[in-house]
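S.K.: I'd like to ask you about the structure that follows.
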Amino acid sequence: MSDNSGDHVQPDGPYGYLPNFAICITFIVLFGLSSLLHAIQAIWTRHWFFLYTALLCGLLETLGWAARFWSNQNLFNGQAFTIQISTLIIAPTFLLAAVFMIFGDLVKVLGVQYSRLGPLLYARIFFTCDIISLALQGIGGGMASAAADNNGNIQPTLIKKLLIKGTNLMLVGIALQLVIIVAFMLLAGEFLYRYRNDRPLSRFLSNSSGSASTLNEHARGELGGKRRFVLCAVVLSTTCLFARGIYRMIELSDGWNGKVMHTEWLFAFLDTGLVLAAMYVWNFAHPGWFLHPNPEKKDLEMRGSASIQ
């Protein structure tokens, strides 16, 4: 009789353990609930980009943990193992894209004169880099999972050709994502420093004697309670996703037969737990409520920001 508690280690299985039944169900429910809330919030507030960022992240996480639940029922099912590798490695990339877009909105309302990038460029530049990272992780995950046969066993003849190459691609993708996050944090940190000390960039100072409309366009916005709440959410969610990337780097560097990869609670807390926290941060600090409560006004503002890049 099989033991589905997850406590019984299966060293010959693809995970090095039997995925825990309770953990799988818990994450399926929590990600499913967050995804449902994100769908409702995106439609209600007309923040459509949440549908292809935060919602997509939640759906992929739900699918990945459903596959791990499938593995709990049938440990050597190769399809389940492949699905969970591919979905759980790329899911947070979409949520990270939402963070970039939200920070661009913050730059617009607080003052573009303090930022090296225009509001839309945060989304365009970092989202493009994010897509490259996503592609590397997705291809790498597919190659790594292809090294397993239909029973989930690693095929010896494909270890060097697929498993190692796939793992290296995943590592490059995650490393690129970490570089992207660090670059974003540096730019965001400079923006906040300049905003706090009211030190606009020199190119805006040269226009300080411009028309009244130009001066009004570059006015310093107020960092009130709601905007501060969204800013804190940006910091918290970015920190969670950065920490998760560090864990993934350590996990993959340790190897598929390493202790880190074969320790379920590390994966549950340092990968999925951090992504889940970042997901719920935006359920509670949704910009549609705290940054742009008026969707029509938000649409007008973002159309106007197209000229400030």
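Heads up, residue numbers simply count up from 1 along the chain you see.
Here the Cβ of each residue, glycine as well, is placed from N, Cα and C on the backbone.
Annotations for this protein, taken from TrEMBL, read as follows:
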TRANSMEM  17-37  transmembrane segment
TRANSMEM  49-71  transmembrane segment
TRANSMEM  83-104  transmembrane segment
TRANSMEM  125-148  transmembrane segment
TRANSMEM  168-193  transmembrane segment
TRANSMEM  229-247  transmembrane segment
TRANSMEM  267-285  transmembrane segment
S.K.: Decide whether the stretches the transmembrane segment (17-37) and the transmembrane segment (229-247) have at least 3 CB pairs under 8 angstroms, with pairs required to be 6 or more apart in sequence.
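M.R.: Between the transmembrane segment (229-247) and the transmembrane segment (17-37), which are separate recorded stretches, there is no contact, as judged by 3 or more close Cβ pairs.
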S.K.: Which range wins on Cβ pairs under 8 Å with the transmembrane segment (229-247): 49-71, 83-104, 267-285?
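M.R.: Of the candidates 49-71, 83-104, 267-285, 267-285 scores highest.
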S.K.: Near the transmembrane segment (267-285), which same-chain residues lie under 8 Å Cβ to Cβ, leaving out any that are not at least 6 residues past its ends?
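M.R.: Non-local partners: 20, 23, 27, 30-31, 34, 37-38, 41, 50, 54, 57-58, 61, 65, 88, 91-92, 95, 98, 102, 229-230, 232-233, 236-237, 240-241, 243-244, 247-248, 251.
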